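Colleague: Submitted below is the structure of interest, expressed as structure tokens.
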Amino acid sequence: MKLNSTGIALAVVATVAAGSAWAVRDEPIQPIQPAKVTNPAKVELGKRLFFDPRLSRSGFISCNSCHNLSMGGSDNLQTSIGHNWTKGPINAPTVLNSSMAVAQFWDGRAKDLKEQAGGPIANPGEMAFTHDLAVDVLQSIPGYVAEFKAVYGSSRVEIDKVTDAIAAFEETLVTPGSAFDKWLQGDDKALNKRELAGYKLFKDSGCVACHNGPAVGGSSFQKMGLVEPYVTKSGAEGRAGVTGKDEDRFNFKVPTLRNVELTYPYFHDGQAQTLEEAVDVMGRLQLGRKYSKEEIGQIVAFLKTLTGDQPSFILPLLPPSSNETPRPVPFD
Ligand code: HEC
Ligand code: HEC
């Protein structure tokens with residue numbers, strides 16, 4: 001930070017802009033803090049792995065295929081397309097800000113990002129590989145071996161290190177700097193009247209009971225269809241699939257509403273095509289409240305202020321395969 005004769009004043013303004021705790025408005029939603037990178041080499045390795053389609057059987061599908069970081073960390077499809085054009089059973093949630101969630105997946109079956117990252121590689125309907133084969137591929141690529149050695153002190157590639165590095169990269173995928181965060185940090189001009197009215201409605205009508213905290217969600221499992229049942233063709237059971245308890249049936253992790261403008265379509269079955277539709281459904285099914293068109297418009301205007309600075313970096317270059325690298329099997 002540059003200091004001049006007005007150095008103190010500048011420093012104060014800069015701290016406010018960076019979101020220091022004392023400056024933040026007392027609201028049920030808190031600003032997102034920028035990622036603190038402690039091990040940049042690990043993050044770089046994780047970034048490469050996130051973009052590397054050689055972690056899939058076909059050699060074609062990477063994490064980024066379904067969590068496209070150019071599209072809000074999602075695929076914008078009702079349900080994802082996996083290996084051999086397999087139709088996925090559930091909508092892909094965004095990876096943006098997913099480090100803030102209590103658990104991973106709609107039903108919370110993975111406790112954290114590291115545990116989650118092993119799932120898709122070996123899922124026959126997603127990347128359709130095995131952990132052993134993924135490790136064999138990486139071990140055969142000299143560029144990766146050198147990187148694993150630099151980060152983990154050993155040339156031995158292990159699935160545990162693969163998922164650890166991917167998780168470290170995912171922890172950097174946070175989106176501070178949204179208009180709403182600027183408002184939370186004291187900038188009165190960051191929101192216009194309509195957006196502010198939308199936030200007031202969101203808060204006063206009870207959306208914040210479930211969508212709260214820095215991620216505006218992700219902090220609890222809640223029943224979809226609390227007041228009125230949700231009608232869906234999807235077979236997803238929600239949390240009950242993990243706990244085996246009947247009272248957890250149709251409980252899903254409350255999704256983050258950060259960047260929700262980018263992550264359409266909505267809900268675990270991807271049934272709501274637009275934000276307007278999703279807000280209307282939430283109002284009726286979760287709160288027993290039928291919003292007018294104008295009210296929905298206001299809430300949607302507020303939700304769009306939750307779009308933050310998207311992760312920006314140079315597209316990673318992937319080290320080439322060697323003659324020993326097992327070849328992809330794109331067609332079964
Ligand atoms: C074929 C598409 C596909 C691929 C490839 C894929 N995912 Fe996913 N991802 C999904 C779907 C669908 C879900 C939701 C599954 C569920 O909840 O049951 C998901 C869930 C997640 C979540 C949980 C987010 C949350 O809010 O609960 C994270 C994190 C994630 N994936 C990261 C990854 C990583 C890392 C990779 C690469 C190793 C990857 N995904 C590969 C489709 C995919
Ligand atoms: C009782 C808890 C609860 C309340 C209250 C609630 N929500 Fe939700 N919200 C959820 C759950 C759970 C989901 C995921 C449901 C699913 O996918 O089946 C969700 C999903 C959403 C989604 C879709 C996000 C996505 O990525 O798919 C939006 C948008 C949303 N809520 C907005 C709102 C608004 C606006 C309100 C107030 C009118 C509200 N919610 C009230 C629990 C709640």
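Using N, Cα and C of the backbone, Cβ positions are placed for all residues, glycine too.
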Colleague: For the heme c 2 site that TrEMBL assigns to CYS207, CYS210, HIS211, which of MET127, MET282 is also named?
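Modeller: Within the candidate list, TrEMBL flags MET282.
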Colleague: Write out the long-range same-chain contacts of CYS63 (heme c 1 binding site), meaning residues 6 or more apart in sequence whose Cβ is under 8 Å from its Cβ.
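Modeller: Expected: LEU49, PHE50, PHE51, LEU55, VAL95, ALA117, PRO120, ILE166.
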Colleague: For a Cβ distance below 6 Å to any atom of ligand 1, name the binding-site residues from CYS63, CYS66, CYS207, CYS210, MET282 that qualify, or say none.
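Modeller: So the answer is CYS63, CYS66.
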Colleague: Could you tell me which of these binding-site residues, HIS67, HIS83, HIS211, has the fewest other Cβ atoms within 10 Å of its Cβ?
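Modeller: Taking HIS67, HIS83, HIS211 as the binding-site residues, the minimal 10 Å Cβ count falls on HIS83.
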Colleague: Which binding-site residues from the set CYS63, HIS67, HIS83, CYS207, CYS210 come near ligand 2, judged by a Cβ under 6 Å from any of its atoms?
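Modeller: Those binding-site residues that pass the cut-off, since their Cβ is under 6 Å from ligand 2, are CYS207, CYS210.
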